[in-house]
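First comes the structure, then the notes that go with it.
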Ligand SMILES: Cc1cc2nc3c(=O)[nH]c(=O)nc-3n(C[C@H](O)[C@H](O)[C@H](O)COP(=O)(O)O)c2cc1C
Ligand SMILES: C=C(O[C@@H]1CC(C(=O)O)=C[C@@H](OP(=O)(O)O)[C@H]1O)C(=O)O
């Protein structure tokens, strides 16, 4: 399976094409829209989300809610385009009127300056528009389909917020996807310790007043993933590497950990390796999951644990120093309407990206032409492993 997205933040729409999904996968459109709505939510978002009401439109590859094996084409409209019609018109000639709202004072931490230097754009809006995380709405729509594919194979996963700024709200780091879901859907921070909500709201409110921004840490747990996805044979077949790549491919990510991650480096081997058990009828299991479900680049049957570190949002309402790309004068950086923190939507995006990589790994391992055949193969494979 592969996918491609196109579209700018204030352009007419986001477009996505997925190829390689099996025929016969039943899609729940409401569930895709629920994921899109979840990505729009979260405390600390800017006013853009009051304009958008993201809904997917499927324009290819699906008939009567079932995939046909052909490429799937998706659209999510940008309602805000109504306010940017002239400035973001794909085909009108450039005029003084429709090139208003140029960006010339690059924001430190955003793609503005280097994007301008690389592509020789003098109006950095040409960079801002595509580097904006608006594009992640389409990745979430695609990830929602991958998530449904996994659910139909009895694999569950969830992404949630472990830490915002310096406040940790995940002292127990649970592994039960259903229980995590029950708690996080009841608060606007997607945290598992709701008693921390007030403290974090106060932190976000104060940060906003200060014209500053926040990052945080996201944790994804995936359960009932069969052992043996990915391979130790070559570096580019290792599934943990692909997961890390997908997470780093997301806007504002600065670190990825699998399992105990960096903490493992400061522990003794006896504290990190997951000791092996065997039970009649169940096969091999582990006593712990420090390695986050991976050995040798392969899933080992334990829950997959991926953590992502998100840097604070680069656009500051109290802007940092920049230099005008036209005049070379020292100026304050541009300010575009912006989020104070986007850790909550980011948790949905990271969940989606992990879902996509796991779905891909399954499609690479088994014949993925038809969903029923794939289900039968996976069932046989799970059975075979129990008797290894
Ligand atoms: C869901 C989400 C929302 C974001 N919102 C904003 C925002 O409102 N303002 C901003 O400056 N950056 C925002 N970012 C971060 C930028 O998109 C990101 O920092 C930028 O594309 C530069 O890429 P890099 O941080 O990966 O180097 C957001 C990121 C995500 C994931
Ligand atoms: C539009 C979204 O996020 C945007 C991501 C973003 C950025 O620089 O990444 C900047 C802001 O864009 P705008 O100034 O157009 O409001 C965010 O709102 C979204 O998540 O749907």
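Cβ from N, Cα, C; glycine included.
Site annotation (TrEMBL, ligand FMN) includes 130, 131, 132, 251, 252, 296, 311, 312, 313, 314, 315; from 101, 105, 337, the additional listed residue is 337. Proximity to ligand 2 (Cβ under 6 Å from any of its atoms) holds for these binding-site residues out of 45, 130, 132, 252: 132. Among the binding-site residues 39, 130, 252, 315, the residues whose Cβ sits under 6 Å from any atom of ligand 1 are 252, 315. Our reading of the FMN binding annotation (130, 131, 132, 251, 252, 296, 311, 312, 313, 314, 315, 337) yields a largest Cα to Cα distance of 44 angstrom. Neighbour count (other Cβ atoms within 10 Å of the Cβ, all protein chains): 23 for residue 315 (FMN binding site). Annotation for residue 132 (FMN binding site): spatial neighbours 8, 9, 251, criterion Cβ-Cβ under 8 Å with sequence separation of six or more. Cβ-based neighbour count (10 Å, all protein chains) for residue 311 (FMN binding site) stands at 15. Shown are the binding-site residues 39, 45; of these, the residue with the fewest other Cβ atoms within 10 Å is 45.
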